[in-house]
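What TrEMBL says about this one:
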type	residues	note
DOMAIN	1-39	domain 'Translation elongation factor P/YeiP central'
DOMAIN	47-101	domain 'Elongation factor P C-terminal'
Amino acid sequence: MDLTSFEESRLNESDVGDRQKWLKEGMDCTLLYWNGRIIDFDLPITVRLTVTEADPGQGDSAQGGTKPATLETGAVVNVPSFVDVGDDVLIDSRTGQYMSRA
């Protein structure tokens, strides 16, 4: 939605591509228009998402082990072993890398 005119814009799934795994409702994105059509968009560099699935941490978390975790958008990222289901995490949308807990 345009924050000044409140006009909503929609993109096709094919236009979004694999960036869809970082999108969630209400997120602010920058849209690029050409001849009145959206031709591209930029995600925020850092996205805040909630962990919905993660195995319990194994062993000594001081050693810096990682484990896969599923986020609310369905994306799977490697997170430190101390991250649990329900935690909010910050992800770099350019690389898909875990940055920190939010």
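Keep in mind that glycine also has a Cβ here, set from the backbone N, Cα and C atoms.
Just so you know, TrEMBL annotations are computer predictions that nobody has curated.
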Contact set, same chain, for the domain 'Translation elongation factor P/YeiP central' (1-39): CB under 8 Å, 6 or more residues outside the stretch: 47, 49, 71-75, 91, 93, 96
DSSP-derived helix, strand and coil totals, residue by residue, for the domain 'Elongation factor P C-terminal' (47-101): 3 helix, 29 strand, 23 coil
